[in-house]
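Over in TrEMBL, the protein carries these features:
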type	residues	note
DOMAIN	C:49-253	domain 'ABC transmembrane type-1'
DOMAIN	C:321-508	domain 'ABC transmembrane type-1'
TRANSMEM	C:51-71	transmembrane segment
TRANSMEM	C:83-108	transmembrane segment
TRANSMEM	C:128-151	transmembrane segment
TRANSMEM	C:187-209	transmembrane segment
TRANSMEM	C:243-264	transmembrane segment
TRANSMEM	C:285-304	transmembrane segment
TRANSMEM	C:324-347	transmembrane segment
TRANSMEM	C:359-380	transmembrane segment
TRANSMEM	C:386-408	transmembrane segment
TRANSMEM	C:445-467	transmembrane segment
TRANSMEM	C:487-508	transmembrane segment
Amino acid sequence: MKYLALAATTTLAATAAAADTPELVVYTYDSFVSDWGPGPQIEKAFEETCACDLKFVGNGDGAALLARLKLEGTRSDADLVLGLDTSLIAAAKETDLFTETAVTADYALPIDWTDNTFAPYDWGYFAFVHNTDLTPPANFKALGKSDLKIVIQDPRSSTPGLGLLMWVKDAYGAEATAIWEGLADNVVTVTKGWSEAYGLFLEGEADMVLSYTTSPAYHIIAEEDESKAAAIFDEGHYMQIEVVGRLAGSDQPELAEKFMHFMVSDAAQSILPTTNWMYPAVMPSGGLPQGFEALVKPENARLIDADKVPALRDEALAEWLGALSQ
Amino acid sequence: MLRLEGLEITQGDFRLAADMTLKHGRKYAVIGPSGAGKSTLLGALCGFVPLAAGRLFCGETEITNADPGARPMTMLFQDNNLFPHLTVLQNVGLGIKPDLRLTSEEKARVEAALVRVGLGDQMTKKPNALSGGQQSRAALARVLVQARPWVLLDEPFAALGPALRNEMLQLVQQLVAETGAGLIMVTHAPEDVRRIADEVIFVGSGRAEAPQPAAALMQNPPPELKAYLG
Amino acid sequence: MARRALSVSVKSGIGAAALVVALIVAALLAVVSRAEVGAGFLSSDWAAIRFTVWQAVLSALFSVVLAVPVARAFARRRFRGRAILVTLLGAPFILPVIVAVLGLLTVFGRSGWLNVVFEAVGLPPVSIYGLHGVVLAHVFFNLPLATRLLLQGWQTLPAERFRLAAQLRLTPWAMFRTLEWPLLRQVVPGVTALIFVICLTSFAVALTLGGGPKATTVELAIYQAFRFDFDLGRAALLSVTQLVLAGAAAVLALSIIPSISMGGGQDRPLRRWDALGGAQRVQDTVVITLAAAFLLLPLCAVVLRGMAGLAVMPPQVWAAAGLSLYVAIISVLVLLALALPMAGWIASGRTGGTEAIGLLGLSASPLMIGTGWFILINPLMNPADLALPVTALVNALMALPFCLRIMVPRLRDTLQDFGRLSVTLRLKGWPLWRWVILPRLAPQIGFAAGLTGALSVGDLGVITLFADQERATLPLQMYRLMGAYQMEAAAGAALLLLVMALGIFWVCDRGGRWHAEA
């Protein structure tokens, strides 16, 4: 019981100390705040400039993030939400919890960025990652015909899973069902999130895993391991653009806006490539870190307009469920 | 004085009626065939068996509905008279205070009782480390410190050999003589009755008969008792 | 002779039971209050219900059918190390799911040990994913429980019967028919029912090994309704469905679920004169070897894989381990505060129906309780500040039915044996607990505490709803390591988790038996 009391006192003390400096609360996904993610470095760099206490709150992945926000509604402690992606923007705007921003930058995105509620901070192409000793198929049809085993994520619980759903839908439209039926016998399992899927792949449970073209960069840079590569599909690759937005109910609107500017500044952008393992939204002055040049680059980038996603999602989800449930 | 006024006990088909007055300081033996209700009678006196009718008095105080723990009597059961997880000292101490917060004077009383029953050197042991006879002595030491006006024995020594049982009964006799308590004991053995009891309560065919002087009764038993004694 | 012999206050027991019901109902109401109208089942929800029931039926049947020969073999063999082996075989039941799945994959996975052997001898590879994978994992978790309960039943057969059987020179088949079959008929339905209920609420196993959307359990559908569709109405509806399904099964089965006794199978086995023949000896040896291999190889896999990872584990893992230990301790305290008075109440009563309340905890969706309380707490304070207490509470609720099953029979015996003595000594209230019940129940309390602590330390449920950066438990930290490509360190964390779960169980179990006698 002593320990309980102690814990309570510590919490109180921490709250008291925080009252002196303004606190900025940012909801984000779990892997962002982990000690190997960008969180700690971003926090340090921003706190050097803001005379504030930046607090990241990790919450599952992008989809879970939005669920928590809806749960809390206007009472949320959060000032900003970081980590939604283009597939979730429409749903996020529907909550009326977000407010507009003045952030603009010279974005290094394959598309024009026109949204004035959210600011992009990094992006990547979805791709199937494999070991280099494997000759990858050239597209979804070839993958479906092969006997390669793949691990994918559930579109109902993860953003990469939803990305894949959109990718197939965007590339094949009405033919998407046939593609999924072709893939059904290749799918070893469908995981809740990216972590489990990638883990299973590294364990040797599958030949390929749905991830990003930038994933091999981690192996090259952090582990000096060049045995992983991303397969280029000739249908083109669906993009994921991760965004940050601030909440209308924030009690620190100026500070929140300042953080959004910070996220597209050189200081933050130079941290992201080797911590979040994605492309920076704005090219840092030092360019991309060494190792990124070895990554494959799709020629054809795909992205469905954010406002068209919700309707397509329901249709595509039904097709996906139908094809994989047989 | 313990007065049983029109006592009736019913349990399913089983019925037992009792109407008698027991004098304080006397020793009563309860005898009768198996299943006649000897233990049930003791249980009713102690408050473990509900009464269908009748009233129970101790002196002028009615105790018909009193809690078992609040009655002026203490009972030794056929088994489980000691907590196996507590030391002998603790077991006896519980007889004085349920929370075991004993004053030094009370502790001395407990130790004295244990010395009295011959367990002065076994106090810190647990019951399992004692012999059957020693366990009975420990239970008797607790009866001693409880110092209630009545002591009820429901064949607590049944599992002991004849010599040991005699020894225990002798000890009981001495203890009640010292404390002036009344004794009510269930027994199967006519020789126990002869050795200890002042009076006999015969339980049979749904009735507990009023006590009669032991010596006279045993010499000249009525037909029903005769049948039981064989 | 029952009147007034029982002197445990039932008030606190009823209070604890009411608290359990209130905690669950309040959470459900909170979820419903935020639900939008028009919520209903989707066709995929019906598929989820069907799959859930089907996999639970299969898991329960396989667990029990396989447990019969294993328990039988252990019941009639005496060998060196038998007690240790029986204890070790119990380990999977308290293993964190996230760790067990890692171990199972290393053994049964696509490039696992089994498939390496198969490939070497020219057999086609086997896949662990799909319905059979889910069932395999459930059998892995519950075979130990089933074996233990059956073995315990076997040991209730009095030695005299075996002597009689030996004198009559009964053949093994006659032996089975006259002694073992009646016993099995008595014990098996309850064990099957218990495992069925446990498997009904399965979540993580179906998630990883299910192999796709066809292997969606109700709990998984609840998760998706909450986290992705944010359809609180459907989530509430599914939660109620699960509650009713598992609750009804549990209540129906309650009368036949056996009590979980201490040290089942660890006692010296009875001397038996049957099954001395060579064939049965070989058969039993094979059965025990296979069971040991099935249950222990995945554990070995976790240990082997984790050894290398321990060295590269970042310091945060140790901090998370400390936090997990803290959660486990609070869970145990909460559990005891709920279970002891409830056990007192149930043991004093004449009917066993009240125990059903304990089973509510097992049939309620942890995610529903978590979300409901999140909604309730949110207007008052930051839910993250209550992350650990809420996690501890939910964990305690999950363990409650097992712990009641462990404690109630012993408490009932205690009241039976010592109730009248306690009453004559005016023992009631705290002194009764202090001097009679707690010491008599020490081994059961230790066992229950160990079980709760072990289950709690590996739980990765509610914490994910509430946790923030500073409050990561060990399973969550392990998950984050995987999310950061740190597979080796995650394997190290898995080993740490394994050691902690088994360690907590061992310490509590041992602590309870300390000085316990008679």
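Every residue gets a Cβ built from N, Cα and C, even glycine.
Any TrEMBL annotation is an automated prediction that lacks curation.
If one looks beyond the transmembrane segment (C:487-508) by at least 6 residues along the same chain, the residues whose Cβ comes under 8 Å of a Cβ in the stretch are 91, 94-96, 98-99, 102, 299, 302-303, 305-314, 317, 320-321, 324-325, 328, 332, 446-447, 449-451, 453-454, 457-458, 474-475, 477-479, 481. Among C:83-108, C:128-151, C:359-380, C:359-380 has the largest number of CB pairs under 8 A with the transmembrane segment (C:386-408). C:128-151 is the stretch from C:51-71, C:128-151, C:187-209, C:324-347 with the greatest number of Cβ pairs below 8 Å to the transmembrane segment (C:83-108). Proximity of distant same-chain residues to the transmembrane segment (C:51-71), defined by a Cβ-Cβ separation under 8 Å and at least 6 residues beyond the stretch ends, is recorded for 131, 134-135, 138-139, 142-143, 145-147, 150-151, 153-154, 184, 188, 191-193, 195-197, 199-200, 202, 206, 214-219, 242, 245, 265, 283, 287-288, 291.
Listed stretches C:128-151, C:187-209, C:324-347, C:359-380 were compared with the transmembrane segment (C:285-304); the greatest number of C-beta pairs under 8 angstroms is found for C:128-151.
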